[in-house]
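See structure below.
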Amino acid sequence: MYGIEYTTVLTFLISVILLNYILKSLTRIMDFIIYRFLFVIVILLPLLSAQNYGINLPITGSMDTPYINSTQGEVFLTSTLCLYYPTEAATEINDNSWKDTLSQLFLTKGWPTGSVYFKDYTDIASFSVDPQLYCDYNLVMMKYDATLQLDMSELADLILNEWLCNPMDITLYYYQQTDEANKWISMGSSCTIKVCPLNTQTLGIGCLTTDTNTFEEVATAEKLAITDVVDGVNHKLSVTTNTCTIRNCKKLGPRENVAVIQVGGSDILDITADPTTAPQTERMMRVNWKKWWQVFYTIVDYVNQIVQAMSKRSRSLNSAAFYYRV
């Protein structure tokens, strides 16, 4: 009986000793592997070069600041630049190779061939319906027209800011705007917008909810309409939905990879919605030349200074989805 107990104890002790030996052996092996691995890394580290990925901090500035006409050493090897211009520019220039000429001139400012894209649009109204800004930097040229001044302001407000939009079902619901950043944006071939403010009993204030003819008309046959009403008040809307789409939008902040270049006009467009604040002139500038060749030459000269007032963004603007922050 005692022999069996002694044997059991002895077996247990031997097992503990063997386990301890095995663990120590494994520890030595792991230490050897780890130290050898670290040694190899230390030896190879000076021979390796890794890509450093950093945060692209926004660069802001005012286009009213006087800029120096200069060629800078900074080369935008990984950036793309889009120039949006009215078709009348190409018609006036009347040169099949004018884009190649400008590409060579942009090369002297550090923009490689193939990094600058030229996109035309028919007029402000058609561009308003489907503005698609996909480049790292986007310069939109608008020729000033006194009869289209308000349309130009609305388009500038749309493309110079980021908007988060949601669908509106005006047949079922009343809507109200919560603050100054909340707007209703309508797009289409013809947008006529009428509103009827409601009191707490959902009765029309100065209008009849059952008669759209009594509604206040805030936009008539527009292709782009940004509607601003009294905040905190419910409204019933009437929209030409067969030719227009309306969305409830929130202005998130500036879209800093877009700049507007106004061609001609006595004053720079002011897109400030709140009349109590200073005019918003950032990323907006004016070029006063009669000929489009001179306009493009000026843009080439100052392109790097203009870009410095912008910030490269990965998000694009695609109005087809009507979701402006993509």
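Cβ atoms here come from the backbone N, Cα and C positions, even for glycine.
Proximity of Thr214 (Ca(2+) 1 binding site) to non-local residues of its own chain (separation of 6 or more, Cβ distance below 8 Å) is seen for Cys196, Gly204, Gly206, Cys207, Leu208, given in sequence order. Residues annotated as Ca(2+) 1 binding site in Swiss-Prot: Asp95, Gly206, Thr214, Glu216.
The DSSP secondary structure for Asp228 (Ca(2+) 2 binding site) is coil. According to Swiss-Prot, the feature Ca(2+) 2 binding site maps to Gln177, Asp228, Val229, Asp231, Asp301.
What Swiss-Prot lists as disulfide bond is Cys82-Cys135 (among others), and the listing cites sequence analysis. In the three-state DSSP classification, Cys135 (disulfide bond) falls within coil. Around the Cβ of Cys135 (disulfide bond), 21 further Cβ atoms fall within 10 Å across all displayed protein chains.
The disulfide bond annotation in Swiss-Prot covers Cys165-Cys249 (among others) and rests on sequence analysis.
As annotated by Swiss-Prot, disulfide bond applies to Cys191-Cys244 (among others), with the evidence given as sequence analysis. Taking Cβ-Cβ distances under 8 Å and a sequence gap of 6 or more within the same chain, the neighbours of Cys244 (disulfide bond) are Ser186, Met187, Gly188, Ser189, Ser190, Cys191, Thr192, Ile193. In the three-state DSSP scheme, Cys244 (disulfide bond) falls into the strand class.
For Cys196-Cys207 (among others), the entry in Swiss-Prot reads disulfide bond.
The signal peptide annotation in Swiss-Prot covers 1-50.
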How many whole Å apart are the CA atoms of Gln177 (Ca(2+) 2 binding site) and Cys135 (disulfide bond)?
32
Taking DSSP three-state, what's Thr214 (Ca(2+) 1 binding site) in: helix, strand or coil?
helix
Inter-residue Cα distance where the pair is Cys249 (disulfide bond) and Asp231 (Ca(2+) 2 binding site), in Å:
14
Between C-alpha atoms, which of these binding-site residues comes nearest to Cys249 (disulfide bond): Asp95, Glu216, Asp228, Val229, Asp301?
Asp228
Cα of Cys165 (disulfide bond) to Cα of Asp228 (Ca(2+) 2 binding site): how many Å, rounded?
15
Below 8 Å Cβ to Cβ and six or more residues apart, same chain only. Which residues does that give for Cys82 (disulfide bond)?
Val116, Tyr117, Phe118, Lys119, Leu133, Tyr134, Cys135, Tyr137, Asn138, Leu139
